[in-house]
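Novice: Straight out of Swiss-Prot:
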{"type": "BINDING", "residues": "V117, R124, Y125, S275, R312, P540", "note": "acetyl-CoA binding site"}
{"type": "BINDING", "residues": "R339, E431, G456, F457, L458, D459", "note": "glyoxylate binding site"}
{"type": "ACT_SITE", "residues": "R339", "note": "active site, proton acceptor"}
{"type": "BINDING", "residues": "E431, D459", "note": "Mg(2+) binding site"}
{"type": "MOD_RES", "residues": "C616", "note": "cysteine sulfenic acid (-SOH)"}
{"type": "ACT_SITE", "residues": "D630", "note": "active site, proton donor"}
Amino acid sequence: METYEHVGNLQVATKLITFIEQRALPGTGIKKDDFWSGVQQIITELMPENKMLLAKREEIQATIDAWHQKNKGPIDFSAYHSFLEEIGYLEPIPEHVTITTENVDDEIAAQAGPQLVVPVNNARYAINAANARWGSLYDALYGSNVISEEDGCEKTGTYNPKRGTKVIQFAKDFLDHTFPLTSGSHHEAINYAIMDKQLVVTLESGKMTRLKDETQFVGYQGSQGDPSVILLLHHGLHVEIQIDARHPIGKSDRAKVKDIVLESALTTIMDCEDSVAAVDAEDKVAVYQNWLGLMKGTLEATFTKEGKTKKRKLNEDRSYTAPNGETFSLPGRSLMFVRNVGHLMTTPVIRTQSGEEVPEGILDGIVTSLIAKHDLLQNGTFRNSKKGSVYIVKPKMHGSEEVAFANRLFNRIEDILGLERHTLKIGVMDEERRTSLNLKACIEKVKERVVFINTGFLDRTGDEIHTSMEAGPMIRKGDMKSSSWLSAYERSNVAAGLTCGFQGRAQIGKGMWAMPDLMNEMMEQKGTQLEAGANTAWVPSPTAATLHAIHYHRHHVPAIQKTLADDQTCYRKEILEIPLAGSTDWTNEDIQAELNNNAQGILGYVVRWVEQGIGCSKVPDIHNTALMEDRATLRISSQHMANWLRHGIVSKEQVIRTMERMAKVVDEQNAGDPAYRPMADNLEQSVAFQAALELVLKGTEQPSGYTEPILHRRRLEFKQKIAKELV
């Protein structure tokens, strides 16, 4: 049972009070009474507006539902457009918007590179992600399917030299392409040395050569005659050639190269939202404790692997000698953002005097900013932001009014924490239809603090389906990726960012590669996101970050953005094209395949969320391909099933039968997990199964199609069930 203490007119969970007063506040210069007084003021001022914005969402949705019910058949675009303008769904487009954000770190403003998103409540994942600033290309290639396992190149229990040869060949091809020599190849190199402030490479023939572009050599470790690391720079990203004649790999290399290490995940989003299951004070404090450990540089994780105990901690900065003899260092860790939750959910961690839960997004904003003040004051082992900023990603906002509300919240947080105005920077997730259609107006509301806009295909598709739920049955889920609205949405996001002056000042991001085991496919496809104008894109693992970094060497992002900067196209008409099925004459087999795929993904994710508190995991799909699943993937799958159910493509009985059958499949896929509770043994008593079923059967009733209300309630129900079993 949660215990609370009265703090002013608030009831605050004892666990949070203890954490704030004993861990988070000391060293910030803020007195506890002043802090809690400020929290009370913010909640009193902003909670009513938060509620009003959510009520407006529901009012708009009900109005749109009614319009579609009244206007059946093919949509009259002109009438539809006028209707959306009348109800304020489509806002006036501001003519000129230029962002003026100051004190933005180079990883955001100057460099282009991969971005990781990781659940902050998992210390090991969070540390691995922060440390993924640098990654071994040899390891990434050897352990992934980028290198084929054909012709004796299998990944075996011990090192496979034949596979290793292919890895080294790929890596040295990368060096030749990215850092070409005036003559010869890195494959022919037998020695790297520094002479007269230049990198000199000796080839097998005895000939000495240099880099075609000598400015690419920027530093080294060791001595000039016998360096242990050569540091190179291309397209703003660093690459290390690591040399060690005693290393097993270096020993067999002509030039004694043991590895090639790439600057990889420039930025990491430490997530409190979609990849996290945090439903009570214990969970929220665990989230905040890890964020504090990251900000102070003290976070550690101990785990057992192959029978051995291993420890992870944050990496130190990397020191080098410049060609002119001066020493310098580069960050050893990603620049960290923190993603707060959106405006929807409330939390039992703080209640009002009348017992009402307070908005979780307000609490996240206050506590994560308080914790980040330690970085601003340089209280930690390392510095996250060298420019004195705090980077907060704000998700799931609908239209400019909600973005303006987030801005006011940030203003008030800065006031109570004693921070200069616009210290708190905002990343705006463009993942809701009303934001996509009004993105320029949204940017205008935060033009002095925005550092990031990002498209999110999955959440955005979930909102696309829910908004137009009453319009008719949607196309199959797999066909969404080639739909016209989605292409326009992606192009519109880039155009808005560049028109508003993001180049050289802020990130324009693209979405996640969701198949962490299919790295060769990622290498073939993900470069298109940079060709489309993004200067960062999401990856699911440190390995993926290192491999995706190669795309930023292949594509010069600033030059691409320059060619796209004049795009003044208004994409509204295309974005408003609802992805309705022109014909619903799918075969029974096609319909069942769609149901099976959706049901299996829903159950595979929900069972871990509800019964293990895991908010992000690799979930095998119907074809046993491992997919990174979080609440965004759950939203699209549950809304798609709910849409087909609503329009009679499938029946309620068919949905239930499919879910029951797929529960057995998911049970089999999880058979090796000792913590797993099978669903199919007792479907009525399985909290996870009932949650998954509810997400579909009551999908049309969920606010904007979000899954959080059901997940949170069912997770708390399961926790209470376990507590009773232990008594």
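We count from 1, first residue shown onward.
Heads up, the Cβ atoms here are built off N, Cα and C, so glycines get one too.
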Novice: Where does R312 (acetyl-CoA binding site) sit in the DSSP three-state scheme?
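Specialist: Going by the DSSP assignment, R312 (acetyl-CoA binding site) falls within a strand, counted as strand.
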Novice: If H, G and I count as helix, E and B as strand, and all else as coil, what does DSSP give for D459 (glyoxylate binding site)?
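Specialist: Note: D459 (glyoxylate binding site) is helical by DSSP.
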Novice: Taking Cα atoms as reference points, rank the recorded positions V117, Y125, S275, C616, D630 by distance from L458 (glyoxylate binding site) and give the first.
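Specialist: With Cα distances computed to L458 (glyoxylate binding site), the winner among V117, Y125, S275, C616, D630 is D630.
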Novice: Under DSSP, is P540 (acetyl-CoA binding site) part of a helix or a strand, or is it coil?
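Specialist: DSSP call for P540 (acetyl-CoA binding site): coil, neither helix nor strand.
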Novice: On a C-alpha basis, identify the one among Y125, E431, G456, F457 that is nearest to C616 (cysteine sulfenic acid (-SOH)); the candidates are the binding-site residues.
Specialist: Y125
Novice: When you look at R339, E431, G456, F457, L458, D459, which the record names as binding glyoxylate, what is the longest CA to CA distance in angstrom?
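Specialist: Answer in Å: the longest Cα-Cα distance is 17.
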Novice: Need one number for the acetyl-CoA-binding residues V117, R124, Y125, S275, R312, P540: the maximum pairwise CA distance in Å, whole number please.
Specialist: 21
Novice: Nearest by CA distance to V117 (acetyl-CoA binding site): which of the binding-site residues is it, out of R339, E431, G456, F457, D459?
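Specialist: Given the candidates R339, E431, G456, F457, D459, the nearest one is R339.
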Novice: Compare the C-alpha of R339 (glyoxylate binding site) with the C-alpha of each of the recorded positions R124, S275, R312, D630, and give the closest one.
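Specialist: Nearest by Cα distance to R339 (glyoxylate binding site): S275.
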Novice: List the same-chain residues at least 6 positions away in sequence whose Cβ sits under 8 Å from the Cβ of R124 (acetyl-CoA binding site), in sequence order, or say none.
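Specialist: Residues satisfying the criterion: A301, F303, R312.
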Novice: Do any residues at least six apart in sequence from P540 (acetyl-CoA binding site), in the same chain, have a Cβ closer than 8 Å to its Cβ, and if so which, in order?
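Specialist: Non-local contacts for P540 (acetyl-CoA binding site): M512, W513, A514, M515, P516, M628.
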Novice: Drop a 10 Å sphere on every Cβ of the recorded positions E431, D459, D630 and tell me which sphere holds the fewest other Cβ atoms.
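Specialist: If we count Cβ atoms within 10 Å for the recorded positions E431, D459, D630, the smallest count is at D630.
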Novice: Whole-number Å distance between the CA of E431 (glyoxylate binding site) and the CA of Y125 (acetyl-CoA binding site)?
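Specialist: One finds 25 Å between the Cα atoms of these residues.
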Novice: For the binding-site residues R312, R339, which Cβ has the most other Cβ atoms within 10 Å, all shown protein chains included?
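Specialist: Per the Cβ count, the most surrounded site is R339.
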Novice: Per DSSP, to which secondary structure element type does D630 (active site, proton donor) belong, with helix, strand and coil as the options?
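Specialist: Note: D630 (active site, proton donor) is coil by DSSP, not helix or strand.
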Novice: Any idea what the Cα distance is from S275 (acetyl-CoA binding site) over to the residue listed as 'active site, proton donor', rounded to a whole Å?
Specialist: 5
